[in-house]
Amino acid sequence: MSNMMKALVKSKPEVGLWMEHVPVPEVGPNDVLIRVRKSAICGTDVHIWNWDQWAQKTIPVPMVVGHEFCGEIAEIGSAVTKYHVGERVSGEGHIVCGKCRNCRAGRGHLCRNTLGVGVNRPGSFGEFVCIPESNVVPIPDDIPDEVAAIFDPFGNAVHTALSFDLVGEDVLVTGAGPIGIMGAMVAKRSGARKVVITDINPNRLALAHKLGIDHVVDASKENLADVMKSIGMTEGFDVGLEMSGAAPAFRDMIDKMNNGGKIAILGIAPAGFEIDWNKVIFKMLNLKGIYGREMFETWYKMIAFVQGGLDVSPVITHRIGIDDFREGFEAMRSGNSGKVVMDWF
């Protein structure tokens with residue numbers, strides 16, 4: 001194996017990514033080196049491409065980015081015991097310290113020292129990625145590479161959707177991006193009574209409808225209260241999944257929740273936006289922030305959903321070779337795509 005590899009690198013502090021040859025990551029005693037088969041583009045990667053304010057203060061330059069992937073093990077460290085070369089795997093992109101109070105209590109997803117693959121350390125937009133043995137997740141043979149490559153965002157959807165009991169509940173999802181759509185699919189699969197998804201992008205709403213979400217609402221043209229009445233809802237929503245990061249959508253969600261409603265918040269809203277806290281108080285709403293996946297219960301549930309027949313592959317709208325990465329990023333930046341999966345070989 002050569003000691004150099006192709007990779008997409010944030011090599012300059014400006015808009016874009018560049019295909020370069022960089023050293024293959026070194027494998028420590030507890031590490032696993034994975035040959036990447038497929039990578040998917042995340043919204044985080046778009047922020048890094050755009051070199052926005054968050055990226056400028058977060059991403060060291062140069063950096064191999066990316067964190068959504070599927071591949072096969074190419075090399076294992078001297079202390080690795082669970083895995084073998086050739087095994088097909090994905091991996092958890094949040095690397096936790098294992099020493100803080102939350103980690104020691106089995107709540108690794110709450111680790112205050114979390115490092116992100118492709119954010120704080122080299123990522124998966126390369127021919128190889130290296131992660132700790134504890135972050136490796138084996139992929140069953142009946143799950144395709146491209147589906148395993150989007151398990152990171154699917155995990156965000158599963159974690160958010162399953163934050164509260166959904167059986168018989170009326171669920172509002174704000175934001176019909178890939179994670180919002182998958183969250184709505186999980187809610188429907190998990191026994192929700194009514195699942196309504198809102199957005200202002202007709203292409204995303206069309207994709208949501210194609211994937212089986214019965215009630216899609218263009219918030220720029222339709223009144224959500226009228227839609228609720230038309231589908232037989234006489235009270236507010238029991239559960240809200242805020243996936244958009246859009247302040248108007250969040251405010252509308254709070255307004256349409258039933259008393260005692262529960263909201264899981266994954267979307268990252270702009271700084272300084274306002275909500276009516278009086279409604280939160282007097283409706284006695286329960287708000288819960290969501291970040292990443294519960295390790296590794298969410299992964300177990302994802303695999304169970306897919307093996308049980310939940311088909312999330314139509315969320316993938318673009319499949320491209322890695323040399324066409326610019327096309328993939330333009331699709332993501334347009335806001336009119338679902339997931340974009342890039343093939344490394």
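The backbone N, Cα and C atoms fix where each Cβ goes, and this holds for glycine too.
What Swiss-Prot says about this protein:
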BINDING   Cys42, His67, Glu68  Zn(2+) 1 binding site
ACT_SITE  Thr44  active site, charge relay system
ACT_SITE  His47  active site, charge relay system
BINDING   Cys97, Cys100, Cys103, Cys111  Zn(2+) 2 binding site
BINDING   Ile179, Asp199, Arg204, Leu266, Gly267, Ile268, Ile290, Tyr291  NAD(+) binding site
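Swiss-Prot feature annotations superimposed on the structure.
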residue	record	Cβ neighbours (10 Å)
His47	active site, charge relay system	18
Cys97	Zn(2+) 2 binding site	14
Cys100	Zn(2+) 2 binding site	16
Cys111	Zn(2+) 2 binding site	21
Ile179	NAD(+) binding site	29
Asp199	NAD(+) binding site	27
Arg204	NAD(+) binding site	23
Leu266	NAD(+) binding site	24
Ile268	NAD(+) binding site	12
Tyr291	NAD(+) binding site	14
For this session: Compute the C-alpha separation of Cys111 (Zn(2+) 2 binding site) from Tyr291 (NAD(+) binding site), stating it in Å without decimals.
Result: 11
For this session: Could you say which of the binding-site residues Cys42, Cys103, Ile290 has its Cβ with the most other Cβ atoms inside 10 Å?
Result: Cys42
For this session: Ten-angstrom check, please: count other Cβ atoms within 10 Å of the Cβ of Thr44 (active site, charge relay system), all chains counted.
Result: 23
Exercise. Considering only the binding-site residues His67, Cys97, Ile179, Gly267, which fall within 10 Å of Thr44 (active site, charge relay system) when distances are taken between Cα atoms?
Worked result: His67
Exercise. Nearest to Glu68 (Zn(2+) 1 binding site) by Cα distance: which of the binding-site residues Cys100, Cys103, Ile179, Gly267, Ile290 is it?
Worked result: Ile179
Problem set entry | From binding-site residues Cys42, Cys97, Cys103, the one whose Cα lies nearest Leu266 (NAD(+) binding site) | Cys42
For this session: Mind giving me a neighbour count for Glu68 (Zn(2+) 1 binding site)? Other Cβ atoms within 10 Å of its Cβ, every protein chain shown.
Result: 31
